[in-house]
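So the structure is just underneath, and the comments pick up after that.
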């Protein structure tokens, strides 16, 4: 971020946003994120990252003739006082940037809103439900729009937090995937993150100078999220040594998993056909838990078979040592 | 004969609050002393002399006295600033995004730094949850500060000197995107 600022100061009068847009263009071209003529959906929540993403992408699409067909895809989790307000912002963005909007809601897809889910499970593990459901919802929405690719506004701070979070939880499978700029290429819809090397501060400054319209409040359930610790840690680190964020991402990219580690294999969910490393995908497990009034199902360390015909592979790991535990089955 | 109003309220860190009634002493020793002296309605000249000596040796505190013979006044500098709060921080200031404020500076040096301004803001503008805005002496990590559209990290952070009619913007980056 400081490098960007200094760049703009040195380059006599060249303004901050030109440098910012140019950097994003270089990331897109250098990593070959898009092909000419692709249909691309932008995951838009109405927050700062997705609003800036929508603006910059439509700008660059025009300026450098990427030839992309852009759409806005928004997910309604049903969080009153947060999501209903931010959706208004996305609707305004639809008009301001001239991009068609598609809204997908949890209620339609799963029959549950986040408010109802939280009432059932309490204030812990909310992000687990929301995140898992959102991933699937984005894929469903992308399929409805018949797009080739999905872009999200994850920035450098987010990715650094994810790396730290996965280390703190021992989730090796995710650790190996989380720093890729494009993920899910072998799945239904690949996703990419053009802001992977962009600091959150740069995005906020860009939005401020360009006077972009965005919604800025924390999700009401987020104070209880585990990610909060990683977030605070990253912010304190950034204050001391701003380059640390990019360095964490670099470390994440260079991680190589020992060949002796047991890694989950990717298959498909028996119930819904979605990509999954277990017999049932996480969303199906969580939904089943909700519908049967067992909010703890799918959360935390398994204690044997919950359901006669559903075999949890994790339940079979009865070994006592940490090394032999299946990836991602460590609980906190 | 000096009156109550004439005795100027000097406080750390060298900024007089907008409303003279709301002055705060950040120096706990002086606070204790003030508490002690306030107990007795009639304060002796001896105590005043002691306080004056302390003020002159750069320990600042506040006290309003009706006693005769003591006056301590410094040159006053009025500065006007425009403060903007964004990214959710406006919720800490009664949801008002833009504040036009006047700050009276009482100082030996005519310099007002960001450090002074921050304490002033915490005292006067932040009505709830100050820990969301500040951590210790400086802003909470994750809050972007722009002085005249320039990131304060380039102008010295807390030591940035402020001039009349400056525009200072505080934007929080701590929310989902």
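Here, residue 1 is simply the first one shown, and the rest follow in order.
Cβ atoms here come from the backbone N, Cα and C positions, even for glycine.
What TrEMBL records for the ATP site is A:43, A:44, A:45, A:49, A:153, A:158, and among A:75, A:79, A:181, A:189 the residue it adds there is A:75.
Filtering of the binding-site residues A:43, A:44, A:49, A:75 by Cβ separation from chain B (threshold: under 8 Å) yields A:49, ordered along the sequence. When the binding-site residues A:49, A:158 are compared by the number of other C-beta atoms lying within 10 angstroms of their own C-beta, A:158 comes out lowest. For the domain 'Cytoplasmic tRNA 2-thiolation protein 1 C-terminal' (A:267-297), the DSSP-based tally of helix, strand and coil residues reads 10 helix, 4 strand, 17 coil. A helical conformation is recorded for residue A:158 (ATP binding site) in the three-state DSSP classification. In this view, residue A:45 (ATP binding site) is surrounded by 26 other Cβ atoms within 10 Å of its Cβ, with every protein chain counted. Local packing around the Cβ, expressed as the count of other Cβ atoms within 10 angstroms, is greatest for A:153 among the binding-site residues A:43, A:153. There are 30 other CB atoms within 10 A of the CB of residue A:44 (ATP binding site), with all protein chains counted.
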